[in-house]
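Student: I have a structure I would like to understand better, so I am pasting it below and will then ask my questions one at a time.
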Amino acid sequence: MAQQGSGYQARYKRILLKLSGEALMGSEEFGIDPKVLDRMALEVGQLVGIGVQVGLVIGGGNLFRGAALSAAGMDRVTGDHMGMLATVMNALAMRDALERANITAIVMSAISMVGVTDHYDRRKAMRHLSAKEVVIFAAGTGNPFFTTDSAACLRAIEIDADVVLKATKVDGVYTADPFKDPNAEKFDHLTYDEVLDRKLGVMDLTAICLCRDHKMPLRVFNMNKPGALLNIVHGGAEGTLIEEAQ
């Protein structure tokens with residue numbers, strides 16, 4: 001449940017939190033772990049409790065991966081549409097977890113799904129956010145060939161968020177995959193161009209270029225670290241910050 005009142009001043013007024021679908025699996029190999037949903041709902045609720053406005057984008061990789069089936073012969077557009085539906089399923093699950101924690105949440109889908117979700121409308125989304133309601137943006141951009149990372153950056157720009165927070169399984173951006181390379185070194189700070197030049201694979205090219213062109217800061221952090229999200233909102237240096245060159 002969101003707790004009202006805090007002695008701390010939040011650094012960010014409005015954030016866009018990007019969660020991977022895989023994050024919802026927890027220790028499972030497929031699907032959604034209810035314990036993970038409840039923990040994430042609690043962390044989001046802490047932000048709402050101190051007055052932070054939260055937009056949320058969730059991937060669909062825990063349920064479906066269109067790109068993989070495309071490589072196996074499925075039509076790419078069909079696969080991407082199926083992937084969008086997977087993100088809607090995750091969004092509905094997250095909304096349910098938030099509401100069980102007494103946090104008002106709205107799902108807005110880029111694909112019209114009357115009776116299931118609200119259709120995405122920027123002005124309505126911003127009104128919901130201003131009313132301290134969590135807005136979950138589903139179905140990506142509504143177009144094939146665009147990732148949910150690109151959708152997250154696009155929505156962040158549209159709703160005038162202060163920062164994009166990308167939750168991952170590692171505590172930032174490394175020179176290589178730290179799970180595979182024990183010598184991988186972590187970056188505390190990067191510019192957009194450094195990410196592109198080094199081909200670090202933080203997000204796809206479209207997402208990084210969107211952030212760069214609109215001067216949208218991006219922080220990559222470990223969602224499995226308790227309190228990391230709240231620490232970031234208070235100005236803590238969790239993970240890796242990516243922004244324009246100073």
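Backbone N, Cα and C atoms are what each Cβ position is placed from, and that goes for glycine too.
These came from Swiss-Prot, pasted as-is:
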BINDING   LYS18, LEU19, SER20, GLY21, GLY61, ARG65, THR168, TYR174, ASP177  ATP binding site
BINDING   GLY60, ASP80, THR141, GLY142, ASN143, PRO144, PHE145, PHE146, THR147, THR148  UMP binding site
Student: Under 8 Å between C-beta atoms and at least six apart in sequence, can you list the same-chain neighbours of THR147 (UMP binding site), or say none if there are none?
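Tutor: The answer is GLY140, MET203, ASP204, THR206, ALA207.
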Student: Tell me which of the binding-site residues LYS18, SER20, GLY61, THR168, ASP177 ends up closest to PHE145 (UMP binding site) in space, Cα to Cα.
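Tutor: Of the binding-site residues LYS18, SER20, GLY61, THR168, ASP177, GLY61 has its Cα closest to that of PHE145 (UMP binding site).
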Student: Setting GLY60, ASP80, THR141, GLY142, ASN143, PRO144, PHE145, PHE146, THR147, THR148 aside, what same-chain residues sit with their Cβ within 8 Å of the center of the Cβ atoms that define the UMP site, listed in sequence order?
Tutor: GLY83, MET84, GLY140, SER150, ALA151
Student: Going along the chain, which residues six or more apart from THR168 (ATP binding site) have their CB under 8 A from its CB?
Tutor: SER20, ALA23, VAL220, PHE221, ASN222, MET223
Student: According to DSSP, collapsed to three classes, what secondary structure does THR147 (UMP binding site) have?
Tutor: coil
Student: Residues with Cβ closer than 8 Å to the Cβ of LYS18 (ATP binding site), same chain and 6+ apart in sequence?
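Tutor: Same-chain residues close to LYS18 (ATP binding site) (Cβ under 8 Å, separated by 6 or more) are LEU56, VAL57, ILE58, GLY59, THR148, ASP149, ALA152, VAL164, LEU165, LYS166, ALA167.
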